[in-house]
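Asks: Just dropping this structure here.
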Amino acid sequence: MEGFLQPVADLFGPSWPVVWTLLKIVAIVAPLMGCVAYLTLAERKVIGYMQVRIGPNRVGPFGLLQPIADGVKLLLKEIIFPSSASKGLFIVGPILALAPSLVAWAVVPFDDGLVLANVNAGLLFLLAVTSMEVYGVIVAGWASNSKYPFIGAMRAAAQMVSYEVSMGFALICVLLISSSLNLSEIVNSQGSGRFHDMGLSFLSWNWLPLLPMFVVYLISGIAETNRAPFDVVEGEAEIVAGHMVEYSGMAFALFFLAEYANMILVSILTSVLFLGGWLSPVGFLPDGFHWLALKTASILFIFLWARATFPRFRYDHIMRLGWKVFIPVTLVWVVVVAVWLMSPLSIWK
């Protein structure tokens, strides 16, 4: 430790690495929870303006205290256990749903050298951790011992597994181009090439050569997070609120925290993998975290715009899109990218 942290490190002695890691975790999780809270307000405001409404504007100036009021309300509400539910698993379900969306942030780089765990197999770690989110939904649906939660859980399991396959193939294309599983190296690999030398850095990012994979990954991310128009998991007209029917209070809030945390995670990963992360779009502007934040906010706006614009898809249409369209397209594009990399026409040489 250098500078002002050295006296603190000496104070804690051998336990300092553990304390330092815990401090870094808090430094990531605390702002994330704040972003999740105000993303709910942003969603209501954005959709309100799209529908020529005002949105929340009563609690605090311009409604800025609305997320705090909602959080206090859910915190004070009683958690009701259905008489036929398995109480232990009933509580474990929301925790299992939220935990992977928080753990995945360990390998996400926010700037050059600014990452909690600089893991060489970061991409593989992300695939492994994010695939566990479905277990929380399944456990919640089964533990509720009710038909609507169980149907919603089965829908969620099928949908999330289906779109994980196409997301995985899209990530293989990123791996082929960058030749690395380390997320920081993937970002840095997008900061070189012919377009970068010309000062047009945004044309050297992965979104251009992998445009079909960029679109597939983004749409699959919306489906993976069970957001509209892929929200048949909690289709109000059919199964009320899906796997969350029997939940109330903070147990119910944990599912919403998981959903919005996953939205932010998918958005920042899209920015890191396809949009150059913290890299500046043009050569004369400096790189920095502000570019990553701006790109992530833009992807989040697409999530909100999709919810306000598109009607809910039918369940069989969602499955058909995943298995009969996205998976064949991604398989073909993996082969195309592999052949392209070995050809003299490759733009990465």
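Backbone N, Cα and C define each Cβ position, glycine as well.
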Asks: Which of these ranges is annotated transmembrane segment in Swiss-Prot: 243-263, 264-284?
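Replies: Matching range for transmembrane segment: 264-284.
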Asks: Taking contact to mean 3 or more CB pairs closer than 8 A (sequence separation of 6 or more), are the transmembrane segment (264-284) and the transmembrane segment (202-222) in contact?
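Replies: In contact, yes.
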Asks: With Cβ-Cβ distances below 8 Å as the criterion, list the same-chain residues six or more beyond the ends of the transmembrane segment (325-345) that contact it, or say none.
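Replies: Contacts with the transmembrane segment (325-345): 163, 165-166, 169-170, 172-173, 176-177, 209-210, 212-213, 216, 219-220.
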Asks: Under 8 angstroms, Cβ to Cβ: which one of 16-36, 157-177, 202-222, 285-305 has the largest number of such pairs with the transmembrane segment (88-108)?
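Replies: Top-ranked stretch among 16-36, 157-177, 202-222, 285-305: 16-36.
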